[in-house]
Amino acid sequence: MENLKKYLEVAKIAALAGGQVLKENFGKVKKENIEEKGEKDFVSYVDKTSEERIKEVILKFFPDHEVVGEEMGAEGSGSEYRWFIDPLDGTKNYINGFPIFAVSVGLVKGEEPIVGAVYLPYFDKLYWGAKGLGAYVNGKRIKVKDNESLKHAGVVYGFPSRSRRDISIYLNIFKDVFYEVGSMRRPGAAAVDLCMVAEGIFDGMMEFEMKPWDITAGLVILKEAGGVYTLVGEPFGVSDIIAGNKALHDFILQVAKKYMEVAV
């Protein structure tokens, strides 16, 4: 338990360190400083600097752990402890001046996510959770919304801008969910979406073709807040996620099964 608490404290420190970089540079990134690392996939010096700060913090405390970042890959290997970090979740939002973005720091032991910290710098909101210790935002305990009514439910979603699938699959799922629930929103940052479901702002979420650094931290927070989730795909590879309170999770999962191979 003491180790778990230490891992959590380091995750929070690391998320805040990365978030400070994002705060200092928000609204200042120029077009010439933005690189296209892949089709419709952008990165700037801010992402890289944030990742460096986060890695410095983690490796200072746990030099034998593996740290896997979105921008600069993995450092260390062979440890059962792996940190998955997204130094800037919501890059497109960030470079366009839209304040929904975050730093995501998650720890996995073996195959199990055990610690997560997600920091939203613009709103100064720090979410955190650890296995068996609950989920919090700025020190306040959070729980998923106790809502079983589809017509009153809010769902967040995300489609990949560069898909390996026929986009009609996602559009069909969206359509079927849209007709049944009260509202749907696309904030544009998966870690933020998971935290907002954990906090009870929304009831459910569906995101497709996610990487482990996108969701590891948020999954811990969601689960500790009483939420449930289903991952479809490769463990710690590319995966789809359906999450929420039990009622919304189960509904979205049944819709997804109509259009995708979901083995659960």
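Cβ coordinates are placed from backbone N, Cα and C, and glycine is handled just like the others.
According to Swiss-Prot, the feature Mg(2+) 1 binding site maps to E70, D86, L88, an assignment based on similarity to another entry. Among the features that Swiss-Prot reports, Mg(2+) 2 binding site is placed at D86, D89, D214. Look at Swiss-Prot and you will find D89, G90, T91, R185, A190 tagged as substrate binding site, backed by similarity to another entry.
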T91 (substrate binding site) to E70 (Mg(2+) 1 binding site) - Cα separation in whole Å: 12
Neighbour count (Cβ, 10 Å) for D214 (Mg(2+) 2 binding site): 26
G90 (substrate binding site): tally of other CB atoms within 10 A of its CB: 24
Which of E70, D86, D89, all binding-site residues, has a Cβ with the fewest other Cβ atoms inside 10 Å: E70
Assigned conformation of D89 (Mg(2+) 2 binding site) - DSSP reduced to three states: strand
E70 (Mg(2+) 1 binding site) versus binding-site residues G90, R185, A190, D214 - nearest by Cα: D214
